[in-house]
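As structure tokens, the structure follows; a few thoughts come after it.
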Amino acid sequence: MLSPQEITERMNAVLPADEQLFPPSEEQFPVVTAAADRPALVVAGAGSGKTETMANRTLWLVANGSVSPEHVLGLTFTRKAAGELSNRFRERLTTLEAAGLSGFGAERIPPTVSTYNSFANEMFREFANLIGRSPDAEVLTETASRVLARDVVLASTDDRLAAFGSVNSVVKALIELAAGMGDNLLTTDQLRDYPEAFVQDLNRILLQDSKRKSAVEATQGLLENAQKFEALLDLVDSFEDRKRERNVVTFSDQVRLAIEVIERVPSVAREMRDRYRVILLDEYQDTSVMQVRLLSALFSGAGVMAVGDPNQSIYGWRGAAAGTLERFLDEFAGDSSDRFELSTSWRNDAAILAVANRIARAGDDVLQLTERADAGEGLVDRRFYELLTDEAEALAAWFSQHVTNSEAPPTAAMLMRSRTWLRAYTRALDAEGVDYTIIGGGGLLQQPAIVDIIAILRVLGRPDDGQSLLRILASARWRIGAADMAALVKFSRALAEKDAPPGTEAQSMRTTPEQLASVVDALDSLHLAEHLDLTTKEFSEAGLNRMLSLAAELRALRAVRHRPAAELIRTVVRSTGLDIELAANEHADQRVLDTFLDEVLLMQRTEPVFGLEELLAWVDIAEQDDRMELPPPEPTPGRVQIMTVHGAKGLEWDVVAIPALSIGSFPATSRDQSAGLTPSTVPHQFRGDRAALQIFDSAAAATPDDLEAALKEYRAANEQRRLAEERRIAYVGVTRARRKLWMSGSALAPEQTRAKKPSEFLTDAGPLERIAALHRGESGAGESIVEWPPRPFGGRVEAIRDAERRFAEAAPINDSGLTDHLDALLAERATETVAPLKRVGASKLLEWIDSPTLAEHERTRPMPSRRSARALLGTVFHQWTESRIAGGYDETLPGFELDDPGERSADLEKLQASYLRASRYARLELSGGVAEQQIDLRIAGITISCKIDAVFASGDRLLIVDWKIGRAPSGRNLERRSRQLSLYRIALSELTGTPLERIDAEFFFAEDGVTVPLEHPMSRNELENLILAAKGSDSDAQR
């Protein structure tokens, strides 16, 4: 049997010097070589190389013949993580094959790597018919679920719901309870008896005397909650019925239905165990009760390895069960001897690691990290200020020193527990000239570009929404000042009085906003002022002209307001130039439009009608609890990424700052610790992880005083659990830093009068070196000056003016006729709509995979490109080869010449001569008698147009040839191009039914006459992972 060391040596023999691999460390060795036929638990600390260890374990098993790659399953929580693990597997197995070891094998089927939810979803869809469900059910987002829940609530006639106070409160409680029940695999029948028994118990206690009023009030509060809980159970049933009627499911439904499949059809579990024999479970500490139930039912006692870190368990609020790592070996029928630890940090320098260990040490039974042998000293800068403004300025200066002005710009991030004071920090970064980008932003609907789009949509659909119009008027694009806004309001009043019947009191009584004519209507009537005998003298000339332009734009948009929601949004974006503004703003994220459109398109698929009216109603609901987030982009050296600590989990940077480390901010202020006793939460005694939770026992209480004492004890236990999670969040934040770490807090934030103390996470790291004093003459009010109206180009005004000056000094050009031509092009463009990526050519798809942001931007806002002479040369050469191999070539006929008989004609002759020297193609027979074939292939929801230059038949095998006029590339460039041939192989196989192993493919590079065969074709699963990773559609970790 080959050892991991021998495998690494064999692989390094075929790898370039700069791609050499390290063998597993002494600590990783027993994990890599653990038995393949029984469960094992790996407690892996932050940065301990768990992904590389999982890849090495797979290599060791494959190289020694213990398992084939297709029998390996890897599960994690995000598509990004799944894509990275899949790529690691593919690269290592390809190298293993090149080294003459087992590698992929003849069929070259790679391991299956997926998210936990996607795995459950695929399993459900594959076997849905066995339990009478449709495999085509659409998956609802959180916002879509709230829309459906709202319909259920509004349809209810239950008087008990009035106790919630508002429809929105009921909707929120319904969603939370339904999700909690789903996470714990509970039905309403299992919970029906609970509220009735609890109410009886509380009524019994209320009959007893109490010494304290607070005790009686606490008991009555629990009674009211129990009655609300009972009412919600009926709504949960209605919600489930509505989902089934609409043929939709939530993320938790996918797992629940997969469990239903294996419980009702046991043969499915046996089939899955035969399909997957080695199972790797990443981030296992974040799994929910039902995910554990599904996986243990499938793989208990099998070769499943769970990898996780209890120090990074920070998703309890999102359904993650408590104590999953500790229970793993029991739930999967494992042995305590199969428990391993990875405690060496390969990420953090020594000083950072010391801080992380001090923070973690205050917890219970935690894994302490040790530094690697070559760890650097590292830098930790910890400070506490009296004023938040001082803290922000110092932090900005620190980023300027260590990031902006660094000789080799590092990757960097600022991680926050919440975004309460985000603006104060970004204002300081702007002043210091630090480049940054905000990731997430507390919700997609709060992104400035989306706020602008929604404001325009509301003006189009709700003529009385003056507030949205005022936002548009005050925006950086229109820059309408306060005086002109006041003039518009006065104009609307005059318009209202003119509409009122003469000689009535109506004219004098219209004084409230509701009684005035809508400012939206007033704006639309400005161009008719003269005909209405109304004056516009109070407007400034510039303000009036801008308002008239805006009114004309809104009238044009109203003409198309009947379009489907997504199409209308695209029209708004093009008409207003918002996409150009995003591209021009270095702090903006251009993906916000795509993510917003994806959410809208999902609603269009799940709702019978979804136009402007329905879109605005959906936005109203989504704004109440906006959790639509953007997936984080890759770090850019020299640019600071700003995000929450939760969003940073799984990521790392060279330089990290964690500000706002003050008690009440981080750790965050305690919320009500009555979880399990509120209407929207599952009682702890019914949860699957109840062994790790505090159970509230009302039966032991004789009086309200006894009950109040028990309630205080219960809340205190919940508070301790919450603070432990806050400590783990801090640990996650600190361990994101490789080389340099900043930790800071402040006593006074703007508009606060009560000073805060330093966070325990700041002081746990060691004594603070200094506390910055208040600047002389500065107060704690944190006053700031805001420029108004805002400058649309910010600090780039001078650069723009300089460019304008240089343009003016340049030689004039003859632009006669261009204006009419551009107007015609723009008019044609205005009638077009840009659909989301549904169909694309193979070469364009590969560009999109390599650079999805740039390619998508070019697709949604294409610019005309000049047809190059080389592109024409390629077209003519392809026509020539097609005609020749198809048997229709006649040298006496014209048609294969270039317009330019000079240099390019000589180039064509060289390419033709190169082809003729490759005489093997002349001896091959075309498959189907057709030289060029176009085949549509559908992968990951995208139809890919595969234009194959030639397919030759040789015995029972087929050969795909793709003509290229350039030189043969090498290395990564060749690997990227080879993806195109992999697509062609799959497309041809699915069209003709020919097995993939009987289809070969190669490039012919005519410039140097080189033939390059496709040596390592990618599978459909690998290509799908690449496409899904490029889509970047999981902003959050999927649950």
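Glycine too: its Cβ is placed from the backbone N, Cα and C atoms.
For reference, TrEMBL has these:
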- 23-349: domain 'UvrD-like helicase ATP-binding' (DOMAIN)
- A44, G45, A46, G47, S48, G49, K50, T51: ATP binding site (BINDING)
- 350-650: domain 'UvrD-like helicase C-terminal' (DOMAIN)
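The Cβ neighbour count for G49 (ATP binding site), using a 10 Å radius over every protein chain in view, is 23. Residue with the densest Cβ environment among the binding-site residues A44, A46: A44, by other Cβ atoms within 10 Å. If you count neighbouring Cβ atoms within 10 Å for each of the binding-site residues S48, T51, the highest count belongs to S48. In this structure, of the binding-site residues G45, G47, the smallest number of CB atoms within 10 A of the CB marks G47. A sphere of 10 angstroms centred on the C-beta of K50 (ATP binding site) encloses 22 other C-beta atoms. Within the model, the domain 'UvrD-like helicase C-terminal' (350-650) shows a mean pLDDT value of 82, rounded to a whole number.
Surrounding the centroid of the Cβ atoms of A44, G45, A46, G47, S48, G49, K50, T51, where the record places ATP, the chain contributes additional residues within 8 Å, namely T53, D309, L342, S345, W346, R347.
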